[in-house]
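**Q** Here it is: the structure, laid out below.
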């Protein structure tokens, strides 16, 4: 459906539609002052935001409304709308949510200081007094991390992502630094000490895991089993890694948004499993488990679902107007929920075969991706972390959040250098 916008008579310097009905590009950044001056007196001067983007005008109907067509990216509005201010300048955000984008350093400082005083227990020393010296140390370490994350949320460098809020991605940046510091600390510990240290993060850790090999019996049909002759297939299908494969590749497809690159990573990781099966028992899989179940079923379904999600939202037409301009309560609710979705769903163009340098750059991305995935299994094996431990899920979610701005910025960097 086309987007309908009210049309006002253009100024003498504005571009006119061609007589043959062709497309004419007009620049809103240049047409903003003239369009504001020529608004009818019955309409308020500040009733609509000024969007800094280019419009493609196809036709003007009899009612005086512009019919806009074009790609979904041209239709998409950014969250940072340019609103006229009463002082003659411009404001970058919707008036209802502008306070969220203003600095609140002093307010957070005062609130954080009060929270730290309350959490430290200095107001009630008789309650917090304990002979156990480990508990205060744990609370102190968590308080240090909280203070650092609060600082990163306020002062860390912003990414190119604006949804749901730039502060969210600054917080993710701080969590990535905390994770890096924790890995650095474990690097300087002995292996047994590092395993026992994990008990401070989860009480169920620090215990040696039983070795499990998926390739000990690769028969698809087991005739000597009276209860279930397809017991090997059943145990593999109901393993937790099946769901992990599907959800993981769906998330990777939403991040990378390039089918060729996703299939390279899918096949490449299976080759990595084949390479390191002598080191990790979990990598010792049967041929039908690795080729059929992993690549052709789980990975394919995750990639298909992720790319279908990207195509679905990329093909829809949006009008990202501010929250205050939504006409109904449901519209305001939907606009608030859309704030937690990406601002752009267009597919990334990597062009790995454009030139040798671009091929090396994309190859480095694949190597980094597979290294992060291999680290998951090596850390579980070295630190005795079972697959169903919540720390594994927390780490994967953290890495997914870290990879979202990292891949987007890396793709933007490659596109800017090529242009």
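Numbers here mean position along the shown chain, with the first residue as 1.
A Cβ is built for glycine as well, from the same backbone N, Cα and C atoms used for every other residue.
Here the structure is a predicted model, which means the values were calculated and not measured.
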**Q** Which range, 260-280, 323-343, does Swiss-Prot list as transmembrane segment?
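**A** Checking Swiss-Prot against the ranges 260-280, 323-343, the transmembrane segment one is 260-280.
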**Q** Quick one: sort out which of 42-62, 63-83, 168-188, 189-209 is the transmembrane segment according to Swiss-Prot.
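**A** The listed stretch tagged transmembrane segment in Swiss-Prot is 168-188.
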**Q** Which one of these stretches, 103-123, 229-249, shows up in Swiss-Prot as transmembrane segment?
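**A** Comparing 103-123, 229-249 with Swiss-Prot, transmembrane segment matches 103-123.
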**Q** Quick test of your reading of Swiss-Prot: among 14-34, 287-307, where does it put transmembrane segment?
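**A** Swiss-Prot lists transmembrane segment for residues 287-307.
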**Q** Taking residues 6+ outside the transmembrane segment (359-379), which of them lie with a CB under 8 Å of any CB in it?
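**A** Long-range Cβ neighbours of the transmembrane segment (359-379): 252, 261, 264-265, 268-269, 272, 276, 280, 282-283, 350, 352-353, 385, 392, 395-396, 399, 403, 407, 410, 414.
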